[in-house]
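Engineer: Have a look at the structure that comes next, please.
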Amino acid sequence: MNNGTNDNSYKKIYNDLQIYETALHNANDIIILFSSDGNILKVNKKAINSYGYNEEELLSKNIFDLRNREKLELVNTQLEKAKLGEIEFETIHYRKDGSSFPVEVKSIGIEINNERFVLSIVIDITNRIKNEEEIRELASLYEELIAIEEELRINYQELEKAKEEADKANKAKSEFLANMSHEIRTPMNGIIGVIDLLKLTKLNNNQKDYLDMLSHSSRLLLGILNSVLDISKIESGKFQLNIKPFNLKKILDRIIKELSIACNSKKLEIFYYIDSYINFDLIGDEIRLNQVLINLINNAIKFTVKGQIVFRVKKLYSTNNKLILEFSVQDTGIGIKEEFKNDIFKKFVQQDMTYTKKYDGTGLGLAISRDIAKLMNGDIWFDSIENKGSIFYFTAEFLLDYTKDTHDENLGLSDKEMARNKTKKILIVEDNEINMKIACEIVNRLGYKFQCAYNGKQALQLLKEGPFDLILMDIQMPELNGYDTTKIIRKDEIGTQKHINIIAMTAYSMNGDRETCIEMGMDDYISKPFDINTLKNVIMKFI
Ligand code: ADP
């Protein structure tokens, strides 16, 4: 019975041990049992798979075969320590083929029947080490990034500081230049004034020539000073428009007069087209508008040897109180090379250094003009073909000036004057529908009676039908033009006491047109587009 009980309990122990051994044998980590001098006594499946030996071979090895032999002393110490208690460390284990892998070892000393053994659990930490290395690499990369960021931050701060200082220096330079140019301008004006006075005195031919040269150079110098003054004002942020009411017609008249003179002296043809319906009473900076137009026109003349200059003024857009105009200046000059097109608006830049000898100028005009155009809510741009010519466009916005009320019913005339005007009759001869409408509207508002003829023949017919006090006569008309019509009228007047006043209405004209009109028997002329006051004044001069 007793025996039977003992048998059963042995069996149970044996069974338990078998379960235990199976578990150890199949464990996920390497498990090795060493004798006290390091010989391998027992290994599990994982150990056999990990070291590349078969079980028999592995059981003939000892701890030193798994470790680096050079570390004999260390291995011995670790073995001794493990025998007496337990020890944990990381090391390298070697396979049969000489390759190695990192491991974490947990060894514990055990005693069975008074004999000491060491049981080691060995964990392959290849992946952990790899992960740790990757993490370390990432960490160092991160540190490098932080360092770069810091360096960039410092650089940026330094750059900001340098930029601030450069801006300050630049502003100081611009202010200095502005002050200098301003200071020099005053005596320059004195010099130019004295030159003009000297010209009025009695001079011999040599002296006259010298004085002309002096005059030319000092005006050139004044021009340069003005440009430098403008550009420095723009750069130091002190450039402002001087906005006030002005009359565009007056500016255009003056510009075209100057353009005509300059073109005549270079034997260039000029053409100009001005939209009929432009309101001339505007609010804006007339000086700066004039400056941009003169610059574009001067360039066109300067860079054109033969051919023509065309000046156009177009109404682009208008609202109740605003007007946007597009001015354009076209030439048949040297044009602009492709490679220079991007630089043309840069300061102090001219197309070709040889041109600077041939053509005077500073290379500032277009830079200033573009800034002015921007201040006027407009722009400047161009099209150009080398050796064919260029066209520069300039747009600007203006306010309409309603204080000049051209819709005043009586146009400043007293009732008496209006009553008198009603007794006078005017013949308007004009083939262009729009121009005719404008002329009729004005004449009507001035109180005169009027009739319209669309060519010379019609005019002569109407003259036969009844008397007129004055004729407003267009020059270019089909059938019979203004000159020929006038000639016929004057011929008919020969031998009579009659002389009807004829006022020519010409398109903007070349120099000498006035003389031609008078020669052809006309009494006066006005140029289109005319404003209401000009027409009123010229009519009132004669009736
Ligand atoms: P500037 O006329 O004083 O030299 P600008 O700024 O007005 O200065 O013009 C810069 C340069 O652009 C000129 O020197 C010239 O080379 C070129 N340019 C301007 N207008 C014309 C044009 N109509 N035809 C050809 N080149 C032109």
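Including glycine, each Cβ sits where the backbone N, Cα and C put it.
Since the structure is predicted, the reported quantities are computational estimates derived from the model, not experimental observations.
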Engineer: Select from 82-130, 131-179, 474-522 the stretch of residues annotated by TrEMBL as coiled coil.
Structural biologist: 131-179
Engineer: Summarise the domain 'Response regulatory' (425-543) as counts of helix, strand and coil residues per DSSP.
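Structural biologist: Across the domain 'Response regulatory' (425-543), the residues distribute as 53 helix, 25 strand, 41 coil.
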Engineer: Name, in the order they occur in the sequence, the residues of the same chain whose CB lies under 8 A from the CB of Asp474 (4-aspartylphosphate) and which sit 6 or more residues away.
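Structural biologist: In sequence order, the residues whose Cβ lies under 8 Å from that of Asp474 (4-aspartylphosphate) (at least 6 apart) are Val429, Glu430, Asp431, Asn432, Asn435, Gly482, Ala504, Met505.
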Engineer: Looking only at the domain 'PAC' (85-137), what are its DSSP counts of helix, strand and coil residues?
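Structural biologist: The counts are 12 helix, 32 strand, 9 coil.
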